[in-house]
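Marked as active site by TrEMBL: D99, D283. According to TrEMBL, the feature disulfide bond maps to C112-C117, C318-C355. Per TrEMBL, domain 'Peptidase A1' is recorded for 81-392. As annotated by TrEMBL, signal peptide applies to 1-19.
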Amino acid sequence: MRITALVTLAAAVLTFTDASPIARRPHLSGGHAVPLTRNASYKHNTRAQIAKLNKRYPGLQILSASTGHVPLTDVSPDLEYYGTVSVGTPAQNFKLDFDTGSSDIWFPSSTCTTTACKAHTRFNSAQSTSYKADGRSWSIAYGDGSTASGILGSDLVNVGGISVRQTIGLATKESSQFGSSPEDGLFGLGFNTIESVSGVKTFLDNAIAAGVLAQPVVSVFLPSERLFNGQGGEYLFGGIDSTKYTGSLTYVPVTQKGYWQILVQDASYNGASLGQTSQGIVDTGTTLIIVGDAAAAAIHKKIPGSVNDPNNGWLVPCSAASSTDKIGFKLGGVTFNVPVADLAYEDLGDGSGNCFSGVQGGQNGLWILGDVFIKNNYCVFSQTSAPSIGIAPLAV
């Protein structure tokens, strides 16, 4: 008989076993009593007790709340960040782009024969003993015009040691844009209201419901090449790493569930208000910061030599990489800064000395605070009954 128990208190484990000896037992007539001695140095370890029980009784599966650490690879120049996720039994590993701006988890199926699919690791459902067919079709489209489609299935998805049964999208078609991507697919961290197929629960939904996360959060540290040489990035499921930020976290309430949407109360330059406000989303799947046209113009007006090029968008002099100026975004009453040095994103390559700006326009009404913002500010995506994003400046 298979027994699944959710252990949330150390006392619950003690009902199974307690390694601390008992001082006295009643005397048994006709028997031989063996005296026990209490170990004064004994310290109870709930996780160790759970592991011992699971090993001793293979049919017993006790789940303990925990954290999952996923190291990241920075694709130069801070273009995107991906980590490894294991799927199925035995595990098949995939490099996935963690994206708070979408909610689907997907990667190519072994049945996909497009050029883009064949350039990546493909999931072979026949080789996984834990795979379950779903039968529903699935498709998704992104803001850059890329698309993927296929079928749904479910399997065990393991993220940094956190494992739950999860509905996954298996792509049988991928658009050509994915062919050059270093990652195999995407791992959506948005809310289930923007799942491509209605009724599908997200990984966070399932992990929270199963009680396997110590906290209902995902914390994000994206290291820039400028500050950290792109090294040490992580997604921390179920926990918060206080060594990654300075001061305290400011929790900004989510104004609408779908994306991680919040109110941007103001934009500023070197602390001076630019008189700009908007709803916005914090999106790990977008490289740049994209604001409204008026806000983009107000920001770049402060940067000498900036130009709005009709073919390439906003450009700044590459010499801005040595600037000590800052732009700020007021969230939850606190201003979080982005150095102008990070606006000199990438050299245009035409000898003009201009760089693509890390801030672009075109998002009137719903700004996107992408990786250029997040690689300067630690972000905790908290999926409680009143969801919020905890933000604090990175410890440098």
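Heads up, the Cβ atoms here are built off N, Cα and C, so glycines get one too.
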Any idea which of the disulfide-bonded residues C112, C117, C318, C355 has the thinnest Cβ neighbourhood at 10 Å?
C318
Starting from each candidate's C-beta and looking 10 angstroms out, tell me which of the active-site residues D99, D283 has the most other C-beta atoms.
D283
Could you check which of the recorded positions (D99, D283, C318, C355) sits closest to C112 (disulfide bond), going Cα to Cα?
D99
Could you please provide the mean pLDDT value for the domain 'Peptidase A1' (81-392)?
98
Among the recorded positions listed as C117, D283, C318, C355, within 10 angstroms of D99 (active site) by C-alpha we get D283
Minimum Cα separation from C117 (disulfide bond), reported as the residue among recorded positions D283, C318, C355 that achieves it
D283
